[in-house]
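Asker: Take a look at the following structure, please.
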Amino acid sequence: MANERAEEYGQGKMTGFVTITCLVAAIGGCMFGYDVGVAGGVTSTDDFLREFFSNVYAKRRNAHENNYCKFNDQGLAAFNSSLYIAGLVATLVASPITRKYGRRVSIICAGIFFLVGAAINAGSINLPMLLLGRIMLGFGVGFESQAVPVYLSEVSPAHMRGALSVLFQLATTLGIFSANMISYVTQKLSPWGWRLALGTAAFPGLLMSLGGYFLPETPNSLIQRGLTERGRHVLEKLRGTRNVNAEFQDMIEASLLANSIKHPFRDILQKRHRPQLVMAVLMPMFQILTGVNCILFYAPVLFITMGFGENSLLYSGVLLGFVLVLSTFVSIGLVDKLGRRPLLLSGGIQMITCQIIVSVILGLKLGDNQELSKGYSIMLVIFFSLFVLGYGWSWGPLGYTVPSEIFPLAIRSAGQSITVAVNLLFTFIVAQAFLYLLCALKFGIFLLFACCVSVMTIFVYFLLPETKGLPIEDMSLIWTKHWFWKKMLPEN
């Protein structure tokens, strides 16, 4: 039934208006990625560690320090993870703003928070000031993660929604790659290079603020807020045709239901939304439990731990960033052809294999006070890269895409807030605990992540229905046909 309705929508053109709109909106992902990547870059530089984490600097210089415990410091972990707990709070604040005032307002707010946070970080003279800057960046992450994936899902034609939604992840990966490149260059600009690396985050923040001002509001949001004719005009412009009657009618019906619900967070807990709620919690949780954020946060730290030379340190991070960008293009090309499930399953199997191999190499060849041989070091880089490749076409983009497209309009902002809050909560927990776990579990930490990826791959195989090509306002129909979820739904 949903596929038949999709055919009534027509095949909306890939207009220049849609392209520009999605590219501007996706800048938010670039900002998020830059903040993830730059944190790992600056925390591996001597000037930054001497300034704020002198005890870590001293341990790093100690030749007899345990390989796995050189960077085990909760203050250093807090620098990385404070951004995410702030983002968690911000996304819950952003939900009613996104619902009542539109997606654009939240995108503009995110850009402003990024600007302020980058300025504070670049000028930091003590640890509290540094953490304050990270918290402001976290507010930006919360607002943009809440608004941008929903924005991309709503403006995209049904048959292109997967690829266009993946633009958020593509921008994130480009942000990570840019951060690694800039960190690699600025580490040589002693003693202020780290300030330039952190302050450069203001540039995409500025682009996001200005771009958000010129973005059109989504037709779904306009119609929900009573601006029906304006919503139709934007929809026609996005689709490149005046023949949008079926899609427009679905939006009208969805907005009537949405406006009848005054407490979306309460409504989302009802039994009829149980499948979407489960996905909103488990998809972002699984995305983080792949362990990829730890590898991207701490890529420079990991390569020091494994005995890589200082000069190749950030170069290795640049390599992983490039692989992540490349793999995201694979996802863009295949997500609307093969579907979401095949990419998630194949990516999961590849990640499990790579994590087991990495763990075996480290367990057999890297002791507490040893260095890896050049050959084994190269093998680790290869398998880390293959792991990131698998993540980049699967859980990286689809961990955001699937939750952003499955909720009805009435609870879409609330659902996205839950998705982002869970994502940031687990990012905070894993980022805060990773250096401790690396010290305690040593190579076993990668086996732990492999077990997590195994569980989530099984979950996808049995419990995630395919959403490829379905109209966003008819997505609820897929649950009524699924072998398991139809049993969870209330009787009509």
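Cβ atoms here come from the backbone N, Cα and C positions, even for glycine.
Sharing the record's features from TrEMBL:
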- 12-34: transmembrane segment (TRANSMEM)
- 21-468: domain 'Major facilitator superfamily (MFS) profile' (DOMAIN)
- 75-93: transmembrane segment (TRANSMEM)
- 105-125: transmembrane segment (TRANSMEM)
- 164-186: transmembrane segment (TRANSMEM)
- 192-215: transmembrane segment (TRANSMEM)
- 277-301: transmembrane segment (TRANSMEM)
- 313-335: transmembrane segment (TRANSMEM)
- 342-364: transmembrane segment (TRANSMEM)
- 376-396: transmembrane segment (TRANSMEM)
- 417-437: transmembrane segment (TRANSMEM)
- 443-464: transmembrane segment (TRANSMEM)
Asker: So, taking each listed stretch (12-34, 105-125, 164-186, 342-364, 443-464) in turn and counting its Cβ pairs to the transmembrane segment (417-437) that are under 8 angstroms, which one gives the highest count?
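Answerer: When the Cβ pairs under 8 Å are tallied, 443-464 comes out ahead.
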Asker: Checking distant contacts: for the transmembrane segment (342-364), what same-chain residues at least six beyond its ends satisfy Cβ-Cβ under 8 A?
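Answerer: Result: 290-291, 306, 331, 334-335, 376, 379-380, 383-384, 386-387, 389-391, 393-395, 398, 442-444, 446-447, 449-450, 453-454, 456-457, 460-461, 464.
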Asker: Given pairs 6 or more apart, does the transmembrane segment (105-125) have at least three Cβ pairs under 8 Å with the transmembrane segment (443-464)?
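Answerer: Since fewer than 3 Cβ pairs under 8 Å link them, the transmembrane segment (105-125) and the transmembrane segment (443-464) do not come into contact.
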